[in-house]
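A.B. asks: One structure, as structure tokens, below. Some questions next.
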């Protein structure tokens, strides 16, 4: 009797099918047959349309808004693949929803990022891949391998192509928590670093107290992982411009863009904003430029499949 060959199969939910198609095309394969629909009462119905027994499977599904719908789709897809005897189930979550709920900021707060990690693991995921986790300590919430991929190489490449870094420039971290991300960006480009000192009196509100570093007369490139309402981003751009920056550019990995964020950015001091396609958006204004994560995710998936190093992707 012939033994079935262990193949790689890539699945996608409904959260960002466009990105999943780009990733599969980069790898040189097709998306596996899977239908994620709804029953009449709204319950999620997953139908796997081909065999996965003994195969290495990858599910591409960011848990972006509507976060609970997309997370539940992902969990049910994992369960379906596990019960169909997949050899491995790697979940590729470009944007990890609930990542900002990673600690108890005050009494009786939940740590929802940990809860999501538990749900993914119990459902049957054997590996998680994500991009620019909001808090790196979330990696410790998992008892299965987690690959936190960095987006800075693709943004740095795009900035060079668009000649943004031909002028005198500075990489700006919008807060102390993002310094490591901004420093990696600055090291990749070989440029200086500035840091905004800010505090948050309440959720989605930030007050800038000081700018550490020189921005006067320079192209300031703000590097951040998430733009939700974009109030913090717009305020940062305003403060930088008031300090004499020649122009302000932004690089944002995860464009949540809720609560009027697009209009807010349009009317801000930001000249150009580069975003990834971790979250799908359509009909964006010309000020927005989308940089695809597909090559990064595709390369990482291939390396996981072949048991090759992933960290080499982020070395100089």
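Note that the numbers count up from 1, one per residue, in the order the chain is shown.
Each Cβ is built from the backbone N, Cα and C atoms, and glycine gets one as well.
OK, Swiss-Prot features for this one:
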- 41, 42, 43, 100, 101: ATP binding site (BINDING)
- 134: Mg(2+) 1 binding site (BINDING)
- 175: Mg(2+) 2 binding site (BINDING)
- 198: active site (ACT_SITE)
- 200, 224, 228, 229, 230, 231, 232: D-ribose 5-phosphate binding site (BINDING)
A.B. asks: For residue 134 (Mg(2+) 1 binding site), what is the secondary structure by DSSP, using just helix, strand and coil?
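C.D. replies: DSSP assigns residue 134 (Mg(2+) 1 binding site) to coil.
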A.B. asks: Do you see any of the binding-site residues 100, 101, 134, 175, 231 whose C-alpha is within 10 Å of residue 198 (active site), and which ones?
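C.D. replies: Passing the 10 Å Cα cut: 175.
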A.B. asks: Out of 134, 228, 230, 231, 232, point to the one nearest residue 41 (ATP binding site) in space (Cα versus Cα); all of them are binding-site residues in the record.
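C.D. replies: If we rank 134, 228, 230, 231, 232 by Cα distance to residue 41 (ATP binding site), first place goes to 228.
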A.B. asks: Could you measure the widest C-alpha to C-alpha distance across 41, 42, 43, 100, 101, the residues recorded as binding ATP, and give it to a whole number of angstrom?
C.D. replies: 31
A.B. asks: In which DSSP state, out of helix, strand and coil, do we find residue 224 (D-ribose 5-phosphate binding site)?
C.D. replies: strand
A.B. asks: Hey, how far is residue 232 (D-ribose 5-phosphate binding site) from residue 42 (ATP binding site), Cα to Cα, in Å?
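C.D. replies: Cα of residue 232 (D-ribose 5-phosphate binding site) to Cα of residue 42 (ATP binding site) measures 36 Å after rounding.
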A.B. asks: Taking Cα-Cα distance, which of the binding-site residues 42, 43, 175, 229, 230, 231 are within 10 Å of residue 134 (Mg(2+) 1 binding site)?
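C.D. replies: Final answer: none.
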A.B. asks: Would you mind reading off the Cα separation of residue 228 (D-ribose 5-phosphate binding site) from residue 100 (ATP binding site), to the nearest angstrom?
C.D. replies: 11
A.B. asks: Relative to the Cβ position of residue 134 (Mg(2+) 1 binding site), how many further Cβ atoms are located within 10 Å?
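C.D. replies: Within a 10 Å radius of the Cβ of residue 134 (Mg(2+) 1 binding site) lie 22 other Cβ atoms.
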